[in-house]
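Read through the structure below, which is laid out as structure tokens, and then see the notes.
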Amino acid sequence: MGTQGEQQVNEAGHLMIDGADAVELAHTYGTPLIAYDVSAIRQQIRRFKKVFERNQVDYAVSYASKAFATVGMFQLVNQEDAHIDVVSGGELYTAIKAGFPMEKVSFHGNNKSRAELEMAVDHHIGVVILDNFHEIELLSEILKEKQQTIKVMLRLTPGVSAHTHKYDQTGQEDSKFGFDIQSGQAQKALQQVLANSQLEMLGIHAHIGSQIFEVNGFVMAAQKLVDLAADWQKKFNFETRVLNIGGGFGIQYTKEDDPLAPEEFVDAIVKAVQKQVTLRQLKMPAIWIEPGRSIAGPAGYSLYTIGSRKEVPGIRPYVTVDGGMGDNIRPALYEAKYEAVLANQATAKPDETVRIAGKYCESGDILIQKQALPKSQPGDVLVIPATGAYGYSMAPNYNRNPRPAVVFVEKGKAQVIVKRESYEDLVKLDCSFV
Ligand SMILES: *Cc1c(COP(=O)(O)O)cnc(C)c1O
């Protein structure tokens, strides 16, 4: 059951993105272009929320904004009445600019600076998710100076490692994130937080990894967190009001990926928590989740114009597009796999297998190693679906290529949500050497 579904094609044989012709989008806004299917984003958030509502569980769906953090995206997420996670002062600033309700913001990160924590306190954000002892100290100092209080959660490493790429694992004990449960660090952190009346201890958090395709890891993490909550209830009379199980729900990039539906993940998590809570005779906490990739990813499409072509006799042709690792670094960074569609011949049978190369001066700048495509011409529009998460948000300016424009498309109507970077933008911060 894919979350990406079948691509829509119009009568001209062109790929459609939420009611708009992809070829027309490319011609109107230029390429490289990132286009989001807004209906798909709305639908995904609603699907996550609905499962909690059906189960009558208190919840928050908190969009992990690092997947794609811009003013327009925050406004869309707010329209759907979801929360957001931020991991930096920059993401928080973007949320402030978007007018996002600060009480629905959670602040993550394993090295939040004093300035970032001050910003969080000044703007009265919802929750700071404490990651380490240094941070507890810093935040305590700030709150003392400002005579304020703030809600906090503890980020824990439950000792669960997800079956995913090693860079995508975060829940194992030997991780840079969070307090380890096993060694007693987590309990020590709890005691420090409980001893400070300016820290309002809301609950516990774990994020086990990313691009996960099975429920086991979430179920195990949920059990461990509830067990810990029971232990802390007994020892410290501390009631865990929120159990935050993180994000990491996998999506479909290629036909080989077979992700679970949002409903399956959430149902499994809710059932696991309910079962363990009953067993441990605890009050049912609210359950929070933090999907990033699964909200922004499937909804995003990268549109490119095909340029040069290189034949390597006896091997395969290289087809080069006008973007690459500057708008999608994931293939170079993680060997991430994608599939492409020739947008102007979206239903045509493939004639050849090509390698899709980017225009950046790196041999590793290959978007797709092997792609079956109909015969293409320079000027054709090539589209890579499922690029909405960790694409634009990771985009570097390597080779001084401007970053692409981003449009939101909803029911056939498109609007620019991030302008294309100009050459002037590229030198904006440069200073003359005198
Ligand atoms: C990155 C991250 C997420 C989102 O992960 P996805 O794989 O994009 O769903 C959620 N929570 C935390 C703490 C994260 O670091």
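In case you wondered, yes, glycine gets a Cβ from its N, Cα and C as well.
Same-site candidate for substrate binding, as annotated by TrEMBL with Arg330, Tyr334, Glu362, Tyr390, chosen from Arg280, Arg293, Arg420: Arg293.
TrEMBL lists Glu290, Pro291, Gly292, Arg293, Tyr390 as pyridoxal 5'-phosphate-binding residues, and of the candidates Gly209, Gly217, Gly248 the one it assigns to that same site is Gly248. Residue counts of the domain 'Orn/DAP/Arg decarboxylase 2 C-terminal' (298-388) by helix, strand and coil are 8 helix, 38 strand, 45 coil (DSSP-based).
Secondary structure at Gly248 (pyridoxal 5'-phosphate binding site), taken from DSSP and collapsed to helix, strand or coil, is coil. Using Cα positions, the member of the recorded positions Lys66, Arg330, Tyr334, Cys361, Glu362 nearest to Gly292 (pyridoxal 5'-phosphate binding site) is identified as Lys66. Minimal Cβ crowding within 10 Å, among the binding-site residues Tyr334, Tyr390, is found at Tyr334.
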